[in-house]
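**Student:** The structure under discussion is supplied below as structure tokens; questions concerning it will follow.
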């Protein structure tokens, strides 16, 4: 055995301090040679040693004890310490190379089995580790991405690309729901009623408005008649519950008809503002003061309509309009205030 041979070579008569350094150097060199030879032969003799170790354990046990027992009395403590240190290093190297590598190969064979050869064993192990790490990184759970909300209600909605598409198909389209329409104000009917004149067909809405302008006069007369009925019911001496309900209904009808009348008047004023602006732009282009016309925006048209209405109002109407405007602005500001400050003026 190599342990007994090394110990027998070192056993000598007790040396002096000067000669002890020389002997220790020789022992270290012998240990290094033995380690080199053992490391070179481990790969070739692993299979043979595994078979013969079990058979020779009993025979070698008696011989080792007989060889070591008489020599232990003459070995110095320094030599034993060096031998123990050398054996400890050898054990660490063997465990690091023999115990860890099969575990790594087992893990790699489970996760990503790849064929390996004896010549490129270390290279395959390093490559397997990197592939194993990549596999773990790819299979790691990614945090779910939260869909951000829309910046405004007019912005398009955000939807994941993984959203499943519906498997249902519309084989038969549903029937179109019939919508009622008034033929008096339909552009198709009005275009046919102009006797094929293209100028009048293009301005069918204007002609319809002019043809049915008497309806607005009827509406004003109806509002006046409803107000008379409300005043008659209010001045009635003995009013019943039915009369109260009738007054509420008539007032609601008056407000709806008056709102409709005001909306019609506002549209007429907007149309007049646009017509006047187009005339001015045409005159400026005809005079050569402009090369391209300027088209009013909706906000500009609205401001001009308000200014025109304000100039046409009387003194009392202006005060009422300003008071309504003031209350409207005050209500908006009160809504923006905190709840505790709303009641404080």
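Just so you know, glycine gets a Cβ as well, placed from its N, Cα and C.
According to Swiss-Prot, the protein carries these features:
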{"type": "REGION", "residues": "1-167", "note": "region 'Disordered'"}
{"type": "COMPBIAS", "residues": "32-59", "note": "compositional bias 'Acidic residues'"}
{"type": "COMPBIAS", "residues": "66-76", "note": "compositional bias 'Polar residues'"}
{"type": "COMPBIAS", "residues": "78-87", "note": "compositional bias 'Low complexity'"}
{"type": "COMPBIAS", "residues": "108-119", "note": "compositional bias 'Polar residues'"}
{"type": "COMPBIAS", "residues": "143-153", "note": "compositional bias 'Basic residues'"}
{"type": "COILED", "residues": "219-267", "note": "coiled coil"}
{"type": "COMPBIAS", "residues": "312-322", "note": "compositional bias 'Basic and acidic residues'"}
{"type": "REGION", "residues": "312-345", "note": "region 'Disordered'"}
{"type": "COMPBIAS", "residues": "330-345", "note": "compositional bias 'Basic and acidic residues'"}
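Just tell me what is around each of these and how deep it sits.
**Tutor:** The average pLDDT the prediction assigns to the coiled coil (219-267) is 91.
The compositional bias 'Basic and acidic residues' (330-345): residue composition by secondary structure is 10 helix, 0 strand, 6 coil, according to DSSP.
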**Student:** So if I exclude everything within five residues of the ends of the compositional bias 'Basic and acidic residues' (330-345), which remaining residues of that chain have a CB under 8 angstroms from its CBs? That is, six or more out.
**Tutor:** none
